[in-house]
Every structure is written in structure tokens, then in C-alpha cells.
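Student: Following this message is one structure expressed as C-alpha cells.
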Amino acid sequence: MDKTATLCLLFLFTFLTTCLSKDLCNQNDKNTLLKIKKSLNNPYHLASWDPQTDCCSWYCLECGDATVNHRVTALTIFSGQISGQIPAEVGDLPYLETLVFRKLSNLTGTIQPTIAKLKNLRMLRLSWTNLTGPIPDFISQLKNLEFLELSFNDLSGSIPSSLSTLPKILALELSRNKLTGSIPESFGSFPGTVPDLRLSHNQLSGPIPKSLGNIDFNRIDLSRNKLQGDASMLFGSNKTTWSIDLSRNMFQFDISKVDIPKTLGILDLNHNGITGNIPVQWTEAPLQFFNVSYNKLCGHIPTGGKLQTFDSYSYFHNKCLCGAPLEICK
């Protein structure tokens, strides 16, 4: 092999070695991540966060491509023996699009205001933790947010009406907390696509705002609260709703003239004070789950469609409901 070829091979080897050993991770991001690790008491769950290695290879992280200079775009800490509060340094990851702290029973404190700095955030999941305090109003500043999940925490107080101003929100999941007060009137006027709305297992009270009847939810779950009054505005044959769960509240309205969406696959109204007869129109829906037990319904269960495919547990404990799968009407 001549001298020129040898030099070319040596250059190529040096070039490849340099490229392979070069960190993709931004140094500012790496420094921030190491501060986050320290703030969380250096948990074993983050053992891969070694300052001598490329942080884009660390567990719980994702980096973007060259168009964003390989900045950290996702921080997902799921399970593990993590203790402490949400580190303030989280707000110093400016390219973050996904932030998840989930199934961390020793994560305490409030939802930190530093999160408001994450203007590129599209997904925020803080769930199955011991976070306390209110849902902060500053979340409405995250104008790129598409998915918000704050379920299975100990959050309290009222739901900020400002959440309805999020222009790109597709799902609001606030279930299983200790939220009180009423559902905001503003939730009847989201600026963009109507989001899936899940507010179950809280202590919400009062009537449903009439404004909610103006929009077409795909999924709405208000179950296991203290809501009362009329909920008929959520229905309508012209809507495209797939799932409605109003179970275990104190709703009182007559369903006799309530048409349901012809797209409805899930309907749960159990444990309320709903009256009237089940309309024949309900046989037109492609129901996969159906429960109207523990109400004050009367009359004959309409035949046809899906209504007879459900067993008696979907109908029992009503005032005078009859027909298959219950006893024959007399």
C-alpha cells in the first residue's frame, strides 16, 4: 500500500472516530439535565445520566434531529423510586415538546410555574403522583399544548376557565383528583378542535353549563361527581359523539324525547335520578356498552338494535322498566 493510500485511510479512520465520539446532545441541555438529576436526589432510575456520555443516549430522553441541533425534545420519567418536587430546571429545556412525570408516588409539591416557560410543549402528563394544590392558570400560556393529563393526583380547587383558550388542545384529562366547584362555562367554546373531556372521580358540583350543548364532543366523561340538573344538552342525533359517561351523579331529566348520536358506542347513565321512557331512536346507535341502572325509568325497553344485547344489570333498579332482558311487561 503506497503512502498516499495509507494517509487516506488514516484520515478516514480519524474522521469516523471523531464523528462517532462526538456528543449530539447540546451542552446546555446536558448541564440542565444533570441539575434535574441532582434535584431528584440522583435516583438509580437515572443511572444512565452519566456526564461522560452523550445525553441523547440517556434513558428517559429523546433528542430532536439536526433541524433543532439535537436539542432535548422529550423528558419522560415513568415509575421508579423518584422523590422530591418537579425540578425548577425543567423549564430550562426550551425545545421540550413532551414532559411526563407518571406513576411516581413520591413526587410531591405543586405544579411548578417553571413549566410555563416551555412554549414548545405539546404533551404534558403529570399523573399517578402525589402532586397537590390547584391546577395553575399558567398552563393556558402553553399555546402549543395538545394533550394535558393531570389525573390520579391530589389536586384541589376549581378548574381554571382559561384552559378553554388553549388553541390546539385535543384532550383534557383531569380525572381522579379532589377538584371542586362547577364546570367552567367557557368549556362550551374551545377555539379549535373540540377536545376529549374527562373530569371523572372528582367533587365537581352544580349543573352542567348549557354552553356544553353547543359543541360536539367525541368523548366526555363526567362520572362520579356531584353534578345535578339537566344533562340532555349533551345529546342529539346530529352529533358525532362516541362516548358519554354521566354515571354516579345527581342528574334529573326526562329522557323520553332525548335523541342520542347515531355514532354513540358507549353510554353510561347509572346511579342518577333520570326519568321517562327509553326512546325507540336509541336502537339506531351502534352501542357497545350501555348502562341505565339505578334510575327512575319506566316503560318498555325498545326492541331491535343493540338494546337487547345487554344483560339485566344494564337496566335493573329502575322504577317500572320492563321487557327483555327484564321481566315481560304486564
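Cβ from N, Cα, C; glycine included.
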Student: Identify the disulfide partner of C63 as annotated in Swiss-Prot; candidates are C56, C60.
Tutor: C56
Student: If you run the three-state DSSP split on N130 (N-linked glycosylation site), which class comes out?
Tutor: coil
Student: Could you tell me which of these disulfide-bonded residues, C25, C55, C322, C329, has the greatest number of Cβ atoms within 10 Å of its own Cβ?
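Tutor: Checking each of C25, C55, C322, C329, the winner is C55.
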Student: Round to a whole number and give the Cα-to-Cα distance in Å for the pair C322 (disulfide bond) and C55 (disulfide bond).
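Tutor: The separation of the Cα atoms works out to 65 Å.
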Student: Tell me which residues of the chain lie with their Cβ under 8 angstroms from that of N106 (N-linked glycosylation site), as long as they are six or more apart in sequence?
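Tutor: Same-chain residues close to N106 (N-linked glycosylation site) (Cβ under 8 Å, separated by 6 or more) are Q81, I82, S83, G84, N130.
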Student: Of the recorded positions C56, C63, N238, N291, which one has its Cα closest to the Cα of C320 (disulfide bond)?
Tutor: N291
